[in-house]
Structures are given as C-alpha cells and as structure tokens.
Amino acid sequence: MSAPARVLVVDDSATMRGLITAVLSSDPEVNVIGQAGDALEAREAIKRLNPDVLTLDIEMPNMNGLDFLEKIMTLRPMPVIMVSTMTHRGAEATLAALEIGAFDCVGKPAPGELRPFGDLAEKVKAAARTQRQYSQPVVAVAPPPSVADFRVGRKIVAIGSSTGGVEALIAVLQKFPANCPPTVITQHMPPTFTKSFAERLNRLCAPVVQEATDGARLEIGKIYLAPGGERHLQVSGASAPCCRLIDRAPVNGHRPSVDVLFDSVAELAGRNAVGVILTGMGRDGAAGLLKMRHAGARTLGQNEKTCVVYGMPRVAHELGAVEQQLPLSAIGEEILKMTAARKEGTE
C-alpha cells in the first residue's frame, strides 16, 4: 500500500479550511499535514512540510490564488487543486489557473451542501500519483484560417475529457480551421464554469465555440460544449442533427457524462463520426468510445506521456476502443484528416 497523499490546505476562511480538512481526512489514503490562511503562510508551510498536493483558494488577501499559483509553478512546481466560488468571476479565474498549470478544480459548496467536494479526495490522490511535468502557461496562438485545402466532409466529431482537459482541448481545438466539422464535447466541470470555458475557447479558436443548448442544430464551423450541472449532452435527429440536453441520473458518477454523449453519436452517426478521448480520471467515455468504434466510427485516444491523468484513455485503450493513441500535439491534425472530404461528394 502506498503512503497517503500529503496535502496542504490553503484558504483565507477558517471555516472552509476546516471543511476541506474534514472531507479529506475521511479518506485513509489522504493526510492533511497543514493549513494556511494566505500566500505568505502557505509559502512557509510548503518549505517546512513539503506537501505532495496543495488545495488553493482563488480569492485570498495580500496575494490572490492566481498570482501565488504562478509563483509556485515557477519556483516549486507541484500539483495544485484550485477551490473556487461558483460564480462567473470565479470560473474565469479558475480557467486561467488551469492554463497556468493547476491540476484540477472544485467549486466551493453552498452553505449546508457538500456535493462539489464529493470527489475532492479522489482528485487529491490522482494529483499525488501523477508524474506530470509542469510546464509554462498555455499561450494563445493565432488560430488557423478557413483554408481552401480543407473541405469538411459529413462527419461529426465527439470529444470527451476530464482532469487536464482545459489545456488539452485548447491544444486540439486551436488546430481546427473556421470551417471545422460539427464538434460536440463533454468536459467534466462544475456548473457555471462551462459557459466561461466556452467563451474562452471562442476567443482562442477559429471556429465558433458555444455552450450547448437544447435543440441547437449541429453546423459546420461550430463547436458545442456540454453545460456542467444537471443534464447530459446527446445528439439526435437523422435529417437535422442537433444537441439535446437530457435529464438523467449521473453515469459513471458524472453529469454530463462522456459515455452518454458517445453512445448517442454512435447511434446517430455510425461510421460518419470521429470519437476522441482525452486526459482524465476514471473510465467515463471508454465504453461509449467502444460503441462508436463498433458502429464504424474512427477513434483516437491521448497517449500516456502527454496526459495529465492517463485514466479515461487507458481504460478505452484496454477495452479496444481506441484505433490510434497519439500525443496531444498530433490529435487536432489527425481529426481533420479523418473528417476531410476526400473528393467532391465523399467524406
């Protein structure tokens, strides 16, 4: 049995520090070794205690969590899980933190409600196990134009991701031209965060990126991100494919679930689809990707070396759902090769 993950909890609220500590301490594989109320205390505690993982509040006095995270990633890179308020402002800051190099994020619960912290211990343990090489922040690059040598076919692209997915999706989607194939995405994220993430992707990428709405028609040049929260994203409509937001219990512990999306794409599009599974904890999406492959779709998985967490892609690969495993840098271009029209009137 491996040693428990050693965690330092950083939050300016004593109540929140106590709550996070209590949640984490209920797991025997996690050891909270200290607490800090601001960046100065945290810096000294990191030197003294040498934690495996940090939980870090976004909003703190003196130096906010985002500025402190940048210093950590420069001076002492380590896995950091951001703890943020469930607001638009909190979501924007958290997305920036994930691009800087934070491992993952959780939303602060409302009074008397602990659900956002339900998987915190699992995220901490995954963070402690990761061999990730912490890197420089994602740099926005000029997106590719709509180019004459890319003619989109009739395929739908479906992508699933979780931990590490913010950076991974940016890397993939920045390869897409403005006339990309219709693309649907489920990324595990807290409610309110997905709208901000869609807006951020829309600024960084050539296609139109939007949070999916029920009934939104799938169109060339548009990317649809499943909203976090209470419903799953599916696609339906043989003659006019569109997004559907479905009320249903969580699948694999997630809502929205990648498996639910992939299952619907397999049923609707069959061989006229490409399925992609990116970095993430657990197994969500693996069975759905296998269903897509059995239906004739092309399928890709992110390789172990470039994953923040090689969980979802690993299970998919072991099931035989993945046609090709590729480094993150190659996935966007491969999707375009698989979806381009070969000649007039073909896919």
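Each residue, glycine too, has its Cβ placed from N, Cα and C.
What Swiss-Prot annotates here:
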- Ser162: active site (ACT_SITE)
- His188: active site (ACT_SITE)
- Asp284: active site (ACT_SITE)
- 6-123: domain 'Response regulatory' (DOMAIN)
- 150-342: domain 'CheB-type methylesterase' (DOMAIN)
- Asp57: 4-aspartylphosphate (MOD_RES)
C-alpha of Asp284 (active site) to C-alpha of His188 (active site): distance in Å? 10
Give me the CA-CA distance between Ser162 (active site) and the residue listed as '4-aspartylphosphate', in Å, as a whole number. 21
List, in sequence order, the same-chain residues at least six positions removed whose CB sits under 8 Å from that of Asp57 (4-aspartylphosphate)? Val10, Asp11, Asp12, Ser13, Met16, Gly65, Val83, Ser84
Using all protein chains in view, find how many other C-beta atoms are within 10 Å of the C-beta of Ser162 (active site). 27
Grouping DSSP H, G, I as helix and E, B as strand, the residues of the domain 'Response regulatory' (6-123) number 54 helix, 26 strand, 38 coil
Are there any residues at least 6 positions away along the chain from His188 (active site) with a Cβ closer than 8 Å to its Cβ? List them or say none. Ser161, Ser162, Thr163, Gly165, Gly228, His254, Pro256, Val258, Gly280, Asp284
Quick one: give me the count of other CB atoms within 10 A of the CB of Asp284 (active site). 30
Return the average pLDDT for the domain 'CheB-type methylesterase' (150-342) as a whole number. 95
